[in-house]
Amino acid sequence: MCEIVSLFKIEPEELDLICNDEIDESVCENILIIGMACIPTSIIVLFPIEYRGVGLSIYSIFCIIGAVIGNIVVGVFIDAHCMVPILVSCSLLIKTASSKYLITKSLNLDEAIEIVGFGSFHYYILFICGSLFAAISISVASVSFIIPSAQCDFQMTSVHKGILNGALMIGMLFGCFTTGYMADSKGRKYTLVVCMMIDGIFNLISSVSQIYPVLIFCKLMSGIGVSGFTVLYSYIGEFVNGKKREKFLCWMEMFWTFGVILLPCIAWLVIPQTFRIEYGFFLFRSWNLFAIICSLPSIIFSCLLLQLPESPKFLLAKGKHGETMDCLKFVYRWNNNTDDEFPVTSLILPDCINEQDNSFFNGLYKSILELFTSQYKIVAIITCVIQFCCTASFYMMVLWFPELMNRFRWYETLYSGPKNMTNMCEIVSLFKIEPEEIDLKCNDEVDESVYENILIIGMACIPTSIIVPLLVNRFGVKFFLVVCSLGSGLSAAALYFISSSFENIVLSSVFQALSSMGLELVFCISVELFPTEYRGVAISIGSLFGRIGAVLGNIVVGVFIDAYCMVPILVSCTLLIISGILVLTLPTTGRVAIK
């Protein structure tokens, strides 16, 4: 073509000789068709109303600038180097096509999340949030290893042990009351970082505490910190589309299981050490070092969380359109390992923007009031009762497993001959410690088989942690939640009839595997039961009722474990069966767009 064009170039001195100003009509017709096809009528829907006029004006300015520059390029190079405008035009068109596709309308957030895709970012955020979940399991359960080892240092009776366990739960109770509102007003990530730092710092302080009240206070503050774990499910769930959300959230249980397995390994390695550092009134033993190690994961992974973006659902609910787009672009580029522009240019804002109240307590009160006067009030009440039942039962039993196993080991060591005991309660009652006997027969040695048994119980959680995520899309969260509640209730009832360490390990393993998975599933289902503006408060209020149950449960165990150990077993069994029945009344979830 360039050779043909060059044949008819006109030099200045030839203008009067060969100038021809006639134009074939077909040329005009072709240009008109091309121009009509390129009219950007679809550009209107790319911008929301408040930006549409300015957006179209700027668009037109750049179009005109491009047209002017393009005409100059053609005029300069058409005769001598006509390949230049062709190459320029081709390059620009290829660059436009390389953007993959152009979204020609505003999308809602779930559609945009679909375009973002599922990839390496989601696996990384699962690792960080899962590691925080493991850190929480270590923080919560570590007190059950500290109690037998530190009981002589602090002269603890069974009631004192129950109070120490209860302090953690009371802290979680107060924390749950506020973390939900913080998550809905300040942000999911902000709340998680603050809470986990509180947990890590006060666990670190507890490791060097020398008096019982200081230890209680540190565990109280640690409980306030770990209450932020309820926000983990909201935070991670709001990055995932409806098709993958339930399975993705269920994998979080694997990290909890990892923490449960790792904890007895650390305890087994550290607590049996016999070193003793004394300086005046200061005493540092192996359990103190154990407490230091258990405090580190919360601090480390909360720092790593800082590099991740805020939840896009939260940002959009606050009307922060630009920040939401930045978040989605960040995830899109990470998932696709590309520098290409994110193809979505605009998001549909929610009908009601969730504005933050300047007063913390007024905002908290309004959030709770709005939840329990909305169409979700019945669901909120049911989830609160389920949380109370499941959490009370779980912590009544799990935090006391090392203590109970230690008593079984003492019994089997002292009574190596024929055994006349017929059930767990008779065995446990043999080793109760009265206040006046603490100095006489206090024994803070923990048999190493206890660590081995707790490790076995933790490993028993692995099958459920794998099976449930793989099958949850087929059977649904409700099915597994009912199975876990009823199954753990029956295993709790069977604990009364055990008379050996082996039977104790088997039933404790079944209880731990089913009840811990049941607790995790309650949070999974809650993410989809409530819309964004209520989600943080709803999950936290449910967790609040769970912590109330945990506190009451620990008090029940501490008071009745020596004299009437049938009471906590019966209470735990009853609560779990009630929760299993209530789950059946909840709406069906799964494969739905998150509200």
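Positions of Cβ are set from backbone N, Cα and C atoms, glycine also.
Automatic, uncurated: that is what TrEMBL annotation is.
Residues or ranges marked as domain 'Major facilitator superfamily (MFS) profile' in TrEMBL: 123-591.
Per TrEMBL, transmembrane segment is recorded for 31-49 (among others).
Here TrEMBL flags 56-78 (among others) as transmembrane segment.
Residues of the same chain lying 6 or more positions beyond the ends of the transmembrane segment (123-147) and with a Cβ under 8 Å from any Cβ of it are 156, 161, 164-165, 168, 192, 196, 199-200, 203, 219, 222, 225-226, 229, 232, 235-236, 239, 248, 251-252, 254-256, 258-260, 262-264, 266-267, 271, 287, 290-291, 294-295, 297-298, 301-302, 304-305, 308, 334, 398-403, 446. The transmembrane segment annotation in TrEMBL covers 123-147 (among others).
The transmembrane segment annotation in TrEMBL covers 162-183 (among others). Long-range contacts of the transmembrane segment (162-183) within the same chain, counting only residues at least 6 positions beyond its ends with a Cβ under 8 Å from a Cβ of the stretch, are 140, 143-144, 147, 156, 190-191, 194-195, 215-217, 219-228, 230-231, 234-235, 314, 360, 363-364, 367-368, 395, 399-400, 536-541, 543-544, 546-548, 550-551, 554-555, 557-559.
Feature annotation from TrEMBL assigns transmembrane segment to 214-236 (among others).
The annotation transmembrane segment is assigned in TrEMBL to 289-308 (among others). If you look at the transmembrane segment (289-308), the same-chain residues 6 or more away from its ends with a CB under 8 A from one of its CBs are 125, 128-129, 131-132, 134-136, 138-139, 142, 145-146, 149, 189, 192-193, 196-197, 199-201, 203-204, 206-207, 225, 263, 266-267, 270-271, 273.
Here TrEMBL flags 378-401 (among others) as transmembrane segment.
Summarising the annotation, TrEMBL assigns transmembrane segment to 454-472 (among others).
For 479-498 (among others), the entry in TrEMBL reads transmembrane segment.
Under the heading transmembrane segment, TrEMBL lists 510-530 (among others).
Under the heading transmembrane segment, TrEMBL lists 537-561 (among others).
As annotated by TrEMBL, transmembrane segment applies to 567-586 (among others). Within the same chain, residues 379, 382-383, 385-386, 388-390, 392-393, 396-397, 478, 481-482, 485-486, 488-490, 492-493, 495-496, 515, 518, 525, 529, 549, 553, 556-557, 560-561 sit at least 6 positions outside the transmembrane segment (567-586) and bring their C-beta atoms closer than 8 Å to a C-beta of that stretch.
In summary, the transmembrane segment (454-472) does not lie against the transmembrane segment (214-236): fewer than three C-beta pairs, each 6 or more positions apart in sequence, are under 8 Å.
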